[in-house]
Amino acid sequence: MSAAEETPQPVSTHIKGTIPSWINGSFLRNGPGKFEFGKDKYSHWFDGMAMMHRFYVKDGDVTYNSSFLRSDSYTKNSEKDRIVVSEFGTIAMPDPCKNIFARFFSRFKLPQATDNASVNFVKYKGDYFVSTETNYMRRVDPDSLETKEKVDWTQYVAVNSATAHPHYGRDGATYNMGNSYGKSGFFYNIVRVPPQETEGDGAKEDVADLYGAKVICSIPASEPRRPSYFHSFVMSENYIVFIEQPIKLDMLKAMLYQVQGKSFNKIMTWDPKCDTIFHLVNRHTGEVPPMFTLHQINAYEEGGCLVMDMCCGDDGAVIGDFTLENLRRGGEELDKFYNSMCRNLPRRYVIPLTVDEDTPMDQNLVNLSLCTATAKKTGPGEVYLTYEELFNDELLQYGGLEFPQINYAENNGRPYRYVYACGFGHVFSDSLLKMDVRTKELKAWRHHGLFPSEPVFVPAPNATEEDDGVVMSVIINPKEDKSTFLLVLDAKTFTELGRAEVPVNIPYGTHGVFNDMNQTAVTVATTHRN
């Protein structure tokens with residue numbers, strides 16, 4: 001992983017093929033872009049300084065510009081020309097200019113949370129923010145990529161952090177999850193941010209506004225001293241499901257890791273002896289054997305059940321393995337690292353919504369047509385789940401499926417048919433996939449030596465079918481200089497319509513959104529920084 005240079009002024013791209021003229025808006029992406037300051041180098045891919053990218057598409061033409069997020073972390077590191085703010089996998093060392101006693105006692109200070117928001121673009125009350133997994137976000141201008149004010153979740157609602165993958169309700173409200181901890185224990189909190197107010201004649205004030213945010217549900221951790229790490233959650237039209245999985249955070253280690261000179265990722269452990277617990281808000285809990293998930297595909301209600309589709313693996317320890325040392329391996333060593341990783345595959349879980357004292361024990365409560373997932377009551381308030389595999393053997397040729405996206409505006413929280421994702425035939429995604437979750441039929445775009453980022457679906461104007469539109473992705477070719485391009489595929493046939501070649505180098509990135517100028521809604525791609 002090498003540092004990238006920002007391109008603050010828009011540059012033209014070279015178009016091959018045809019970019020549909022109806023596409024009108026900005027494809028925004030976020031991800032790590034700078035991995036060293038002076039002689040100090042970051043250890044983990046997640047640690048790199050946030051770099052924002054914008055592809056502006058209009059009338060068949062595309063321009064590109066980018067900018068580093070001017071976070072406090074970026075500014076302080078730049079001023080000192082060394083790493084002074086700790087990140088997920090890298091701990092900041094004491095100032096070498098201090099005497100030995102000052103350096104020693106500095107280890108006992110509580111580490112400051114980073115505002116290096118390198119995971120995703122998100123939207124609250126009409127404003128764009130870049131987000132990470134601490135209590136801080138940064139508001140940004142989606143056109144110029146100018147960094148605006150820092151926003152602290154703790155000033156609006158009682159949470160210590162929030163995910164970078166909120167969900168958007170059709171009423172304009174935004175839902176997210178954050179944790180909190182104190183004398184009463186550790187809690188996973190569901191937060192609702194109300195929609196933007198439309199009353200009044202005055203223009204919206206140019207400041208971040210999360211006022212009105214409130215916790216609508218608090219779920220106590222099953223192990224208060226070892227809560228679970230979570231990256232996202234599931235939402236249907238009427239339910240929110242939080243998945244408590246066996247990636248554990250050791251709170252005692254969390255208090256000591258600064259003193260011991262260890263980074264935050266060292267407090268995370270994969271404990272497959274623990275069950276995975278599905279918390280259905282205001283209803284009941286279903287328990288399943290251990291599994292690991294970063295990104296959910298979709299959830300919807302049907303036949304008295306909540307259907308949840310997600311990308312799952314069998315070993316959550318992989319999160320800590322994405323160190324820059326591992327990613328910079330070559331040849332057989334990189335192949336060995338890839339072969340040691342678990343494959344994430346799509347699975348379907350089904351939770352019955354009506355389970356009471358009269359519900360029979362040890363009887364499959366799932367009666368959905370052609371569904372092989374099961375749910376059996378095993379005790380008061382407990383349901384044991386088995387999953388259905390949402391794929392056939394063809395998917396294994398592409399190394400599994402991650403970074404899933406759907407036609408979010410029309411099908412989030414509703415029955416759906418198609419998922420768009422990245423295939424992982426190696427450490428980094430090397431294919432784009434379209435899968436029919438009903439037939440499990442697969443379509444793929446794959447070219448040797450090219451590495452796509454998370455796809456984004458953009459619906460066509462006046463679309464009549466779920467897959468009427470295009471799929472966009474940024475494609476990296478690490479072996480050739482200045483060979484990155486924006487790829488546009490026909491979402492129905494999954495064939496290439498056109499590409500916009502960018503005359504600068506762009507780092508491999510993660511999540512993004514499409515700010516559609518033709519619609520009021522935003523097409524959201526919200527999945528792993530990763």
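From the backbone N, Cα and C atoms, a Cβ is placed for every residue, glycine too.
Per TrEMBL, Fe cation binding site is recorded for HIS165, HIS231, HIS295, HIS511.
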Other C-beta atoms that fall within 10 angstroms of the C-beta of HIS165 (Fe cation binding site): 25
Surrounding CB atoms that lie within 10 Å of the CB of HIS295 (Fe cation binding site), all protein chains: 23
Cβ neighbours of HIS231 (Fe cation binding site) where a neighbour is any other Cβ within 10 Å: 22
